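Working notes for the structure below.
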Amino acid sequence: MHLEAARVIFFLWIFLQVQGIKDLSIKIYGSEIKDIDNAPRTEATKNTAKTYKVSTMRRIFDLAKHRTKRSAFFPTGVKVCPQESMEQILASLQAYYRLRVCQEAVWEAYRIFLDRLPEPGEYQDWVSVCQQETFCLFDIGKNFSNSQEHLDLLQQRMKQRNFLERKDEVVTKETLGELGQTPGLQQTLPVSHPGPCLSLPMTTAQRNPQLHPSRTPRVPTRERKIEFTDAAEDALEQKVELSISLANQKFKSELDNSQSPYYLEVAAKSQLQMQKIFKKLPGFKEIHVSGFRPKKERDGTSSTEMQLTAIFKKGKAEAKSPASDPLSLDSNKIESEGDPRGTTEEEKQRELYPTASELRKLISRALEEDQSLDVGTIQFTDEIVGSLPSLDPDTQLVLPTLLTDITKDATLSPELPLGQPRLETVDRAGHSPPGASPTDGWSPPAMTSTSLSETLPFFTASSVFPQTDQSATDIMSIDQTVLIPRLTVPTDDYSAISPLVPEISHLPTSSEDWLSTSSQDTMEYLDGVDLTKTPTSSEGPRNSVGMFPAWIIFLENITPDPGLRYITTSAMTVAARGRELVVFFSLRVANVPFSTDLFNKSSLEYQALEQRFTQLLVPNLRSNLTGFKQLEILNFRNGSVIVNSKVRFAKSVPYNLTKAVRGVLEDFRSTAAQQLDLEIDSYSLDVEPADQADPCKFLACGEFAQCVRNEWTEEAECRCRSGTQALVLPIEDCEDIPGKGTPCRSLDQSKNQVYEPGVKKFQRQQDNKVTMKRKFELLTIGYEEFNYQDWEGN
């Protein structure tokens, strides 16, 4: 009994001890959470809490040991590789920090002081200077605030505010200031030179040049001493003076007085409206309204002609910089890497600012496309030598020296209607046609089948073109063939015209100048002349030699129209005269064998391969290139398989067209090699814009045919050589029929060698057209289903 009582007491004591320790642990842990900073702890409490924490950290550490080890990425975008040392990591972070700070500083300077986006070249210059610590950050802002562009911008804003607030007051000419001057800012403005920057300790990148190669500091090309002089302005700017007629705006007498409130109100509104149109043009700075004057239209009504002066930036040859490569504002690159497909220095300079002729084309196109203005005619002042205002509608221009610069190679044919210009081959080397001596006069037939009316439309803005020195003007380049449309000259007094043609002893030897300035300006106006609407007249012969319509001036310097030239910058590509952009490209597929059926566009193999490349290329071009319109597979050539194609785009695109197409094709080549089992030779990629490409290079003609290029339309076509004739017309649609030779055959072949009678051949052509139409409809339906499935899959 006594033993059992002792055992019970022993177990009870053990139970109480265990329970007390447990309560003590809970109390210590609770007090630690509540009073972790203020409550005093005993040594036992500290040891217990430490044991508890260590065990928790050990459990977390044990779990972390089972995770996969990977490289650390900083949220800034700098990747830290495991093999880098601590000094290299710090150097990379510091360099990236300096780059981002400089990018933001320069970007904000352009946005705040100049209110525009920077050009890639100047942006890179300033970022490089900032990274090299040539300027302190705040000195960059001081330089921008004292720049001429910023002061001109302030002057422009002040003028706009004065026009709106004080339009009811009479403002003197001295208050407004003369055009090109800055009132109140004529004195030389002191520019604060950069003070001594705080010398930072030498970083790891400076101690180790191999980690971060140093660059030579390039100070941006900016005026240190700003003076508003004509010389400095002419060196940095170019002015374009033009006048536009507003057909629906009647002229009021108040517009004659430049100090009247009505004049100031109209000028302010017109200036703001023109700024909205012109700000889209590259290099535009400002525009001013020079004045208004009345103009009498051809129908007798009166309209208003507004004179404008637009100021653009002008690129200089010495402003070229090796750092003019475009820089992405979100780029993480610390060092500039050269682009293996980069443009040359000349191309970079050409991409900065357009030339004077390109500006005129851009301005004309922008005004014509704007719907807010009813623009009648556009005339540039620098193109006018003499002005004949207020012409009577029935009065025609008298140009006594109109045909002074006609070359001997220009052939005038009286036998072709004006609506169908004939293509004539002309030798640029200066040789006379066979059977004609250099001194022979022009002796056309006595009667002409088509004549011109005396009331033909001519240019609204009249011009007088003086006779120019033949030796000082490059008319044509040598050793090239151009195509000239024949025209009918409406006169019977041929003896009077013949003495007007000067004798040309030589032609220019330059093969680079395609045209002279006068012909370039003239052809811009010919774009708006519709020769097919020319009326015919049966009136008698004319008495005056000079009574020719003004569009005949294109016979002066008969060089082909250069209107297809594209205006290309780093941020846009624009086709001149409102045409669509065209790019030719070719690529070679190495692992596809070539067969003779690919010469025949009607063969199933040709159509299948054409459909395959169309389905592969069109989605890539459409999704990656804004303004894409059409892809045309021109032909397949031997050499494994060489695919020649033509891509059509809109009139203007917001990127460099050639670079963008090449980039898309490079991506397509990589994708085709990985997913489609197509080995495209990277060295075979050839991308050429239509204004620089030779269309005959991408057009395959037959053995007895030759490629002929129309210099006006920039289109190429196959034509039979002399002594041959076409089997099927048009020749460009002919195919090599297996077993039946080439599309053209010699004329000396016997009639027994004719392949088919005329009736059967015509019937076969019609059957082929119907078959091709059905196949094309089936291919179109299949291609639409393919696009729909591809869209749903995405």
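The backbone N, Cα and C atoms fix where each Cβ goes, glycine too.
Feature annotations, courtesy of Swiss-Prot:
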REGION    202-221  region 'Disordered'
REGION    314-355  region 'Disordered'
COMPBIAS  332-351  compositional bias 'Basic and acidic residues'
REGION    413-449  region 'Disordered'
DOMAIN    579-692  domain 'SEA 2'
CARBOHYD  Asn624  N-linked glycosylation site
CARBOHYD  Asn656  N-linked glycosylation site
Look at the glycosylation sites Asn624, Asn656 and tell me which residue has the greatest number of other C-beta atoms within 10 angstroms of its C-beta.
Asn656
Integer Å value for the Cα distance linking Asn656 (N-linked glycosylation site) with Asn624 (N-linked glycosylation site) is 13
Going by DSSP assignments with H, G and I as helix and E and B as strand, what are the residue counts for the domain 'SEA 2' (579-692)?
48 helix, 35 strand, 31 coil
